[in-house]
Amino acid sequence: MGLLKQCEAAFGSPDLYRVLGVRREASPEEIRRGYYRASLHVHPDRAEPGEKEEATRRFQILSKAYAVLSDAEQRALYDEQGRVDEEGEALRGERDWQEYWRLLFKKISVKDIEDFEKSYKDSEEELADIKAAYMDFEGDMDRIMESVLCVDYTDEPRIRKILEKAIDSGELPSYKGFVKESKQKMIARKRRAEKEAREAEKAKDELGLGGQDDLKALIQSRNKDRKKEMDDFLAQLEAKYGNNAKKGAKKTAAKKGKK
């Protein structure tokens, strides 16, 4: 499966700029910042144990998108022809994408995630992302909640209020999927989120963790086997596709067309 198809399957769009959440005219530094911001959302270190494999897969795809757009020749090819050189240096199969990330940025920490979430929530950036997700998914709250960074089901009333205000003012169109969403769908979404939360707590209990340092302890325990898990996962991808290659977000989404 080529990179563009992988992006569409993992992030809902084959557009590399949308995946990184940057404008097509973005500068190299803007692209780098977009990659860093999106990587905090999907980095395997913040995934629960049962979600690590999927987080690793999405993190690898995100990193490949950045590798293409950060390479002048690859970016020019993509901009001009809408394709990527799957055999080029930027996408070479043997690359360890987590090591690649570490070479670009300092090692991710709990404080990095917490600081980012504090600065992002209720910011102009989050507001723009919520509206962009609404447009991208035509008011589908399931996908909006998966797409917007740093949210969980407790944020839904806040996000819905933001969107309703924008619709009332005429800034956003009134999509039927949003304004007439069934109660059954709302309840199902809440149950899924609550189930994920229970599973996360169970995982912490099984690891014997508790107290305020849960997240830090989880990350430290995962780091021990990170490289082996990466190698195992790459082997699975190679067997499946013929080459080597985390509230939803909890959130899938990355960013699908923000900016």
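Please read every residue number as a count from 1 along the shown chain.
In case you wondered, yes, glycine gets a Cβ from its N, Cα and C as well.
Taken from TrEMBL, the feature coiled coil covers 113-140 (among others).
Annotation source TrEMBL lists coiled coil at 183-210 (among others).
Annotated domain 'J' per TrEMBL: 15-82, in sequence order. Averaged over the domain 'J' (15-82), the predicted model has a pLDDT of 86.
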Secondary structure content, the domain 'J' (15-82) (per DSSP, counts of residues): 54 helix, 0 strand, 14 coil
